[in-house]
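As structure tokens, the structure follows; a few thoughts come after it.
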Amino acid sequence: MNQNQAVIELKDIHFSYSASTSGSSSDNNVAAQQSLILDIPSWAVPKKEKVFLHGASGAGKSTLLNLLTGMREPDRGEVLVMGTSLSSMSSSKRDQFRAKHIGVVFQQFNLIPYLSIRDNTRLAAHFSGTNDNVLLERIDHLSHALGVNEFVDKKASELSVGQQQRAAILRAMVNEPEIFIADEPTSALDDQNKQRFIEVLFNLVEELSMTLVLVSHDSSLAQYFSTVQDISELNKVMGAS
Amino acid sequence: MFFSVAWQSLLYRRGSVALAIFSLTVSVFVMLSVEHVRQEMQSGVEKAISGVDLIVGARTGELNLLMYSVFRMGNASNNIQWRSFEAIQNHKQVAWAVPIALGDSHAGYPVLGTTEAYFDALKVGEEEPLKFQQGQSFANTMEVVLGAQVAHQLKYQLGDEIILSHGTGKTSFQKHDKHPFTIVGILSATGSPIDKSIHVSLEGLEAIHAAENKPYQPTTTAAKPSVTAVFVGLKSKLAAFKVQRQVGAYRKDPLMAILPGITLAKFWQMMGSVDIVLKVISGIVLVSSLLGLMSMIVAGARERRQEMHLLRMIGARPWQILGFMQAEILLVCLISIAAAVTTLTSVLWAFQTYIFNSTGLLIGLNIFTPRVWVILSLIVLSTMCVGFVVSVARGRD
């Protein structure tokens, strides 16, 4: 695997919730190791790869995603996204970087309930600095592709869960990020909506040449992915226990 | 963008937001009313006597002299002799002196006996001279000039005849009904007690009293009318204290003189504690509504945690989220202020005439004095501070 091709790269990551923030990497004491959540020696996701990340609950999936998006910082080690180390950025730079290059969809609450889909999308575009000129066009195109074009001016709270999750893709893709991260995006959906969600997501990921990381405990989704990664194989904390 | 999002966020939670706005509105309303009424009372009193440097009357309390001579409230303890008035008039520092005689009324409105000089010498508001809306000053003994309010309320016109009553009550047993006065002039509205006064010549007053009192007091001071008080204008305002002292030392008649501005200042000092109580009350109301606002923010915290997380995820910097919260609070605050200002202005508008009729004070509708702007800015500032502290404290977790 070529290093330059890797869009996401983890090197020697340690993360624990109770560890002091000032603690330098070398001498982790016993107390800190007890609360260690993640210990990932290395992991890389090549460009345009579609990775299905699965594992039991509590295996550190959400924590791993928080590290990838820069919402949390590892106690030690390095997270490289598109060749750039997240920890080398100022927190404000990191926020901007996330807005521009990473689209995220969660299990729920992907949209601000009191704003229309259009305004949710505009807000996301606003924070990433996406130009207003391309915005209308993108919203138009994406909403058609996602089948939510009829609802763009409705408030998020007025939509069904299935519509909301597809609208969440619109919000996450409007800045045309290189990386798309989805955290249990289908677990609130029925089979029909799940099917539709995966379908439209894959179409757009393909069309926009994105790298996809989808986390789920639902192994029936694994069939759609080129790479299936069990998190317990990555995380030495889990392996030890 | 911030304000549009903040606005929609407020609409989404309109129940609790409406409560916060309501309580903030009440407190701003109380604060502004206290401030405005205080201000208007002060400037109203000052407006009513602009241009008068000294008021001379029989010895009594300073405030009493001011109240009865300017506001026709209370009574004079005694009268001034005519020759005392002449002595004042002839003082070399005195530019003009206008005698007034009070004690009679018509339909509850006070009658003021004076000389023609009254209409030239007296100034109201920003030193504006009195103007006639219709007609002119009295030239004859049995002629009368009405204040604007009197003419308006009683629907009098030039040429109508009125009868004065003895005493100042609305119902009087002793009417000077053999001596009707003819209306020859109506003054323009001034927003001062002059609007509520009925002006006749001293000779006119003397004539009706002399006619009726003759059996009891056959030899009053040689047809020279007695005077209740004298308004004095000086050639130089610097001489005010000196003339005041000289009036007090006048041996032939027990007199006193006041500088209206200084007496007023003393009066406000006396009223100071009332003022403070009102201010403290409105302060407490403001604090309690700020607490209400705080609880609104804190109560919404849990439900909005996901919202904040989402905003962070789509790239909002912490300060942008703070700004977004502050925009909401600012909107709440501005809406409350707008509501309070509107309510206060409408209340004033509705009660302006009533207040003027019962107190003689014309409360203006324009509540925006520099002080009010300061108060409003302080309210906005303290609200923003409360919002800031709560948001930052919340943002920590």
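Glycine residues also receive a Cβ, built from the backbone N, Cα and C atoms like all the rest.
Where the annotation comes from TrEMBL, it is an automatic prediction and has not been curated.
Listed in TrEMBL for this protein:
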TRANSMEM  B:12-34  transmembrane segment
DOMAIN    B:18-248  domain 'MacB-like periplasmic core'
TRANSMEM  B:254-270  transmembrane segment
TRANSMEM  B:276-300  transmembrane segment
DOMAIN    B:280-391  domain 'ABC3 transporter permease C-terminal'
TRANSMEM  B:321-351  transmembrane segment
TRANSMEM  B:371-393  transmembrane segment
Candidate ranges B:12-34, B:276-300, B:321-351 - greatest C-beta contact count to the transmembrane segment (B:371-393) (under 8 angstroms): B:321-351
Mean of pLDDT values spanning the domain 'MacB-like periplasmic core' (B:18-248): 83
DSSP-assigned states of the domain 'ABC3 transporter permease C-terminal' (B:280-391) in counts, ordered helix, strand, coil: 97 helix, 0 strand, 15 coil
